Amino acid sequence: MATLFIADLHLCSEEPAITAGFLRFLAGTAREADALYILGDLFEAWIGDDDPEPLHREIAAALRALVQSGVPCYFIHGNRDFLLGRRFARESGMQLLPEEQVLDLYGRRVLIMHGDTLCTDDAGYQAFRAKVHKPWLQTLFLALPLRLRRRIAARMRAGSKASNSQKDLAIMDVNPQAVVDTMERQQVQWLIHGHTHRPAVHTLEANGKPAHRVVLGAWHSEGSMVKVTPDNVELVAFPF
């Protein structure tokens, strides 16, 4: 009996080893879970559900096979794949969740999220996020020809990489007060998120009691997951 959480795989055709590792995970470890939650940035980029990229079809088929085996799969958007929509969700069998979701896991109230909204010290990113999450702008972008969307996305990724290389690493991590405020607003003692690529289990105080923040690692040279059971919450790194 276990519920699994993953995030930040950044799947793309240029990283076939990560894709292969994820497919093995879906066909193996994930089949034993009560449920699988993907907390954003499953893909390196997402320019629309109508993108015919073969990788997307391959991943959708593998996720659907997991769901059809009896393991429900849930998805929270990340900062890379926030345009992933209902069409892909139907194709893959995933259920889309809001950016903050509270779960009752074996008697624990656990808040799950991607985590980028906690990085409030990075004012430039938060302003950009607010802009690209405007529904009218998303509708306009998705109406553009695929070729143009690809060019825009590539330019934005290059700009993001250049910008991040100039930023202090500290401002790209979560703001501690934002974490406490979010946990107290949701009345939880457990938070699981990704985004920062800094896997760790942090202890803090929220709601006047000890609390825990579990940060998922990115899938680079190895996989990362959080395994929640009735007795334990464990951050696990594993080979592909």
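Using the three backbone atoms N, Cα and C, a Cβ is placed for every residue, glycine included.
What Swiss-Prot says about this protein:
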- ASP8, HIS10, ASP41, HIS197: Mn(2+) 1 binding site (BINDING)
- ASP41, ASN79, HIS114, HIS195: Mn(2+) 2 binding site (BINDING)
- ASN79, ARG80, ASP122, SER160, ASN164, LYS167, HIS195: substrate binding site (BINDING)
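Distribution of Swiss-Prot features across the structure.
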| residue | record | contacts (Cβ under 8 Å, 6+ apart) |
| --- | --- | --- |
| ASP8 | Mn(2+) 1 binding site | GLY40, ASP41, GLY78, GLY194, HIS195, HIS197, LEU216, GLY217, ALA218, TRP219, SER224 |
| ASN79 | Mn(2+) 2 binding site | GLY40, ASP41, HIS114, ASP116, ARG129, HIS195 |
| ARG80 | substrate binding site | HIS10, GLY40, ASP41, PHE43, GLU44, ALA45, TRP46 |
| SER160 | substrate binding site | none |
| ASN164 | substrate binding site | MET172 |
Tell me, by DSSP, whether ASN164 (substrate binding site) is helix, strand or coil?
helix
Other than its own, how many Cβ atoms are within 10 Å of the Cβ belonging to HIS114 (Mn(2+) 2 binding site)?
25
Number of other Cβ atoms within 10 Å of the Cβ of HIS195 (Mn(2+) 2 binding site) across all protein chains:
26
Which residues, same chain and not among ASP41, ASN79, HIS114, HIS195, have a CB within 8 angstroms of the centroid of the CB atoms at the recorded Mn(2+) 2 site?
ALA7, ASP8, LEU39, GLY40, HIS77, GLY78, ARG80, GLY115, ASP116, GLY194
Most Cβ neighbours within 10 Å: which of the binding-site residues ASP41, ASP122 is it?
ASP41
Measure the Cβ-based neighbour count of HIS197 (Mn(2+) 1 binding site), defined as the other Cβ atoms within 10 Å of its Cβ.
19
